[in-house]
Structure formats: C-alpha cells, structure tokens
Amino acid sequence: MVKRDNTIDITKAIGILLMLIGHCVSLGYLGRFIFSFHMPLFFILSGFFYKKEHLENIIKKSYRKLITPFLITSLICVILVSFINYRHAFEGLIGTFTFCGGFPNEIIHLDSRIGPIWFLVALFWCKIFWYFIQKSSHKFIICLILSTISFIIGKYFISLPFGILQGACALIFYAIGYYWKLLNIHLSKIQYSFGIIVWILCIIFARFDFVAYDCTLYPISMFAAFIGTYSMYLIASKTPKNLKPIMIWLGQNTMLILCYHTIIFLLLREVQVHPLVGIFTKFFLSILLPYLHILIKDFITKKITNTTAS
C-alpha cells in the first residue's frame, strides 16, 4: 500500500454505505459492528494520505474542502429545519455554527442541528493539530496521549465548542493511518486473527460513540477500529469487477453523500414518517441526490464550456 488506488476508494464506499445503514434503523449488534470503526475509518484513511505542507496551505485547503461544505450544508439544514420548527430558529443557528456534535453544549447551552457532518470540522482541527505533532519523533505517543485526554475531558468534564475536542480525539486514528502507509503495514495471519478476536470482543462488550465521547475498553477500541478498517480494505480488494464502477463512484463522492445525507437526516428528525419511508429516504435519497447533483453540475459546466468556445 504505497499509493492511492481503487481499493482505497472502495474502502471509503463501504464506510459511507455502513454509515447510511447505521443511521437508518436501530440495528443491535450490527449497529455495534458498524459504529466500532466506520467513522475512525475516514480519519485513518485521511492520515494515510497525509502530505507534508506549510500550515498556511493546510488551513486554506482544509477550509475549502472541509469547512466550506460544512458551512453550506449547515446553513441549508438550519433554513429547512427552521421552516418546520421556526420557534427555535435563532437558537438552532447559533448552536449549529458553534458546536458540531449534534448534542447540547455545556458552554453555550444550545442544541446544534449538525448531524453527521461534525466529522468535517473534527477533521479540520485534526489536520491542524497533526501539523505541529508531526515534527516530533514521538508522534504516535503524543497522539495517543492527546486523544485520551480529550476523550476524558469531553466525557467527564466539558465538551468544547467548534468541534475542537472531537478533532483532538481523532488524532490517534490519523496517526494510525499515517503509520499504516509509512511502514507499509501488512498483518500476518496470526496478527490479523488476534485482531479479529479483539474486534469481536469490543463489538460485544464495548460501546463506541465517537462524537459523544462514549468509548469503553479504551484504548483497545482504537486498535479494534483499525482492525475494522483493515478488514474493509481487504474486502474492498476482493470487490467483483461488475461492482467496482459503482463502488469507486461512491468512494470518490463520500463528501457529497455525507452532506446530502445530513440534510435528509436532520429533516426527518423534525417530521413523523413511516419507518420504511424513513429508511428509503435516508439511504437511497442520500445516494440519488448526489448523483443528480453531479449530473446537473456536469451538464451546466458542459453548456458553459460550449457557449464560451463558440
């Protein structure tokens, strides 16, 4: 694993599909399986693709790729949800843009309508924190310590606004991805078998809700999350040829899927719908709308290009 390939895109596709499934219904142990690794997977893969850059470039790129989609999606969510629940529109606006976790914040005492895109702001902070940490020769230890402290602060004391703590919590996963690529890690059969046993035990006996700082068996659950991600990579590498095109497309458009899913996810929290309708809407529309988005965008771009050329 030295360079980006289709297997990575397919791994991301598996991750985003599992996220959609996890948000559709209450799944018991299947839900525990999904949440044991599906969000860490994206932080791990982000660390896998880390490239050394100046801080200014990191901030500019991350703002454009992470914060801008976050702000646009958040604004759409606040506007749409406010039409349904207008009495709390202002509180929702302030809460959403000051905290990205989907839970009431102890500092500002306001709820946030943010849903799954808390990940975008957390990754933004994670990248900035990593810039300073990567200069050290003890990167992994520092990330483990900072992630642990952040989990403890968020769980037992206070959750900071702006997704800062979630970003710090994610450092350990970012570091895992970084070292996965740097060391070209391939687990032996014995190592992988041991990892699978640990992962299964964590699924059965542990809870892992990243954004809510709910993580039992810490830091064993961190190792289990890597094994889950590693397993999805192995599965992705065996994807049948006829499924590859759609899986690659999904993997290359996870950001768009995440944003549309967030809008649908938050709207459905405000209205009463039949469970089957909710499942269809959350899952299939979260894929269909991004597909239509890209078709329309390509059509408009082509029209503009043809008009300019003529």
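A Cβ is built for glycine as well, from the same backbone N, Cα and C atoms used for every other residue.
Residues or ranges marked as domain 'Acyltransferase 3' by TrEMBL: 7-292. What TrEMBL lists as transmembrane segment is 20-45, 66-86, 114-133, 140-158, 164-180, 192-210, 216-236, 248-268, 274-296.
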Discussion item. Are the transmembrane segment (192-210) and the transmembrane segment (20-45) close enough to be called in contact, which here means at least 3 C-beta pairs under 8 A that are separated by 6 or more residues?
Written reply: yes
Fill in: Tertiary contacts of the transmembrane segment (216-236), as residues 6+ beyond its ends and Cβ separation under 8 Å
1, 7-8, 10-11, 13-15, 36-38, 40-41, 44-45, 144, 147-148, 151, 172-173, 176, 180, 187, 192, 195-196, 198-199, 201-203, 205-208, 247
Discussion item. Can you see whether the transmembrane segment (164-180) and the transmembrane segment (274-296) are touching - at least 3 CB pairs under 8 angstroms, only pairs 6 or more apart in sequence?
Written reply: no
Worksheet item: What residues in the same chain, six or more past the boundaries of the transmembrane segment (248-268), come closer than 8 Å to it by Cβ-Cβ distance?
Response: 6, 8-13, 15-17, 19-20, 23, 42, 65, 69, 72-73, 76-77, 80-81, 84, 113-117, 119-120, 278, 281-282, 285-287, 289-290, 293-294
Practice prompt. Could you pull out which residues elsewhere in the chain have a CB under 8 Å from any CB of the transmembrane segment (114-133), counting only those six or more residues past its ends?
Written response: 19, 23, 39, 42-43, 46-47, 50, 55, 58-59, 62-63, 66-67, 69-70, 73-74, 77, 96, 99-102, 139, 142-143, 146, 162-164, 166-171, 174-175, 178, 211, 258-259, 261-262, 265-266
